[in-house]
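Visitor: One structure coming up, written as C-alpha cells, with questions to follow.
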C-alpha cells in the first residue's frame, strides 16, 4: 500500500479547469500517478447518482488500463456496486465502523485524520489500510478544510509509534512535497497541483522524484 500512495491524485469534475475529468486523469495516469481517488463534492460537482456512477465507471476503466488503484470518496454504496479498489472517508463522513463492516476484505479503506489521537484510533480499529493526514498546507480545493497543521503533525504521528501508511493531504505541490515525505509521509495527495497545471507530466515527475529538475 505504501508504494501506491506515492503520488495520490484526487479529483472530481468540480476540480477541472480545462478539458474533462477523464482526459485530465488519463494524462496523469500516463505521467505516472500511483493512485486515483474520485471525489465528487462541492460547487460544480455532478448532482445525480446516475451521473456520478457513469463518471466513476469511466475513471475506473482508465485506472484499470494503467493498473492504478481506483478509490471512491465517501460513497460506500457506489464503491461496492462497481467494485472499486478502495473507499476513503473523512471524520465527518460515513461512520468508520459502518464502513469497515461493509467494506473490510473487499477493498482498501482509507481514513482522513487531523490529530495524533485520531491516528491512534484509526490504528486501533485494525481494518484501516492507510490514513490521510492534513491539511498540511493551505488548500484551495476544499472549502470546509480543517485548520492547517503543517508538517509537524506527521512527525508527531510517527513519534507516537503509529505504523499505518500515511499520505499527506492539503496544499501539496511539487515545490513542497519533499517536506511532507521527510516529515514521515509515505506519499502525497494532490488536486490542484495537477488539475491546474499546464505541464502535468513535469509536475508528476517532480512529485515522484522530489528535488529532480523539471
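Each residue, glycine too, has its Cβ placed from N, Cα and C.
I grabbed these lines from Swiss-Prot:
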- 37, 38, 39, 40, 41, 73, 112, 142: 4-amino-2-methyl-5-(diphosphooxymethyl)pyrimidine binding site (BINDING)
- 74, 93: Mg(2+) binding site (BINDING)
Visitor: Residues with Cβ closer than 8 Å to the Cβ of residue 39 (4-amino-2-methyl-5-(diphosphooxymethyl)pyrimidine binding site), same chain and 6+ apart in sequence?
Guide: 10, 11, 12, 73, 74, 88
Visitor: In sequence order, what residues of the same chain, 6+ apart, have a Cβ less than 8 Å from the Cβ of residue 41 (4-amino-2-methyl-5-(diphosphooxymethyl)pyrimidine binding site)?
Guide: 12, 14, 73, 74
Visitor: To see if you understand the setup: which same-chain residues, six or more apart in sequence, place their Cβ under 8 Å from that of residue 38 (4-amino-2-methyl-5-(diphosphooxymethyl)pyrimidine binding site)?
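Guide: Counting only residues 6 or more apart in sequence, the Cβ neighbours of residue 38 (4-amino-2-methyl-5-(diphosphooxymethyl)pyrimidine binding site) under 8 Å are 11, 12, 55, 56, 59, 60, 70, 71, 72, 73.
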